[in-house]
Amino acid sequence: MNGLILFCAVVFATAVCTYGSDAPCLRAGGRCQHDSITCSGRYRTGLCSGGVRRRCCVPSSSNSGSFSTGMVSQQCLRCICNVESGCRPIGCHWDVNSDSCGYFQIKRAYWIDCGSPGGDWQTCANNLACSSRCVQAYMARYHRRSGCSNSCESFARIHNGGPRGCRNSNTEGYWRRVQAQGCN
């Protein structure tokens, strides 16, 4: 039914049905279910249609898997991922004039610049392998053009501030947050 579901529940012998979309939960990498069912990760509220006990289960296993390989080290990717989302597929959030989505809080323009992997921006951003592949491709495209060094600091600041982010003083605070995750 194209993301639109009919949810019915029997409450005190009365059927209650609601129409709605589970798309916000799916974009967050989760699955809508009744909260009496064990969740292999954590429940998030407000992302599912239906009653108040129908919540989004975002599995902790969605965080497992590996980062794409490339010029950005695995450790550096992990630090950036932790700063952006706690390294979870957190869906999309409004940030500086547009939505930022997923593990690395990737904006649509960033996804286009990295070559549009995965066929769909939001799906890619909420997939660890695809989103890290996008970050690797973005760095391969921009880090030398802007005269930035091949360092985690440059990669983090470009990720935060765009192609010339390593030279922008506005990204220094972001770099300190990445450093606090154990990267240098």
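Note: Cβ is positioned from N, Cα and C throughout, glycine not excepted.
Between CYS152 and the candidates CYS48, CYS56, CYS57, CYS76, Swiss-Prot records the disulphide bond with CYS76.
The disulfide partner of CYS130, as annotated in Swiss-Prot and taken from the candidates CYS114, CYS124, is CYS124. In Swiss-Prot, the cysteine linked to CYS114 by a disulfide bond, out of CYS92, CYS134, is CYS134. In the disulfide annotation of Swiss-Prot, CYS92 is paired with CYS101 out of the candidates CYS81, CYS101. Calculated from their C-alpha atoms, the gap between GLY161 (substrate binding site) and CYS114 (disulfide bond) amounts to 15 Å. When the Cα atoms are compared, CYS114 (disulfide bond) and HIS159 (substrate binding site) turn out to be 11 Å apart. DSSP assigns ASP95 (active site, nucleophile) to a strand in the three-state reduction. Cα-Cα distances to CYS101 (disulfide bond) place LYS107, CYS124 within 10 Å, out of the recorded positions CYS76, CYS87, LYS107, ASP113, CYS124.
Taking CA atoms as the reference points, CYS130 (disulfide bond) and ASP113 (substrate binding site) are 14 Å apart. A straight line from the CA of CYS76 (disulfide bond) to the CA of GLU84 (active site, proton donor) spans 12 Å.
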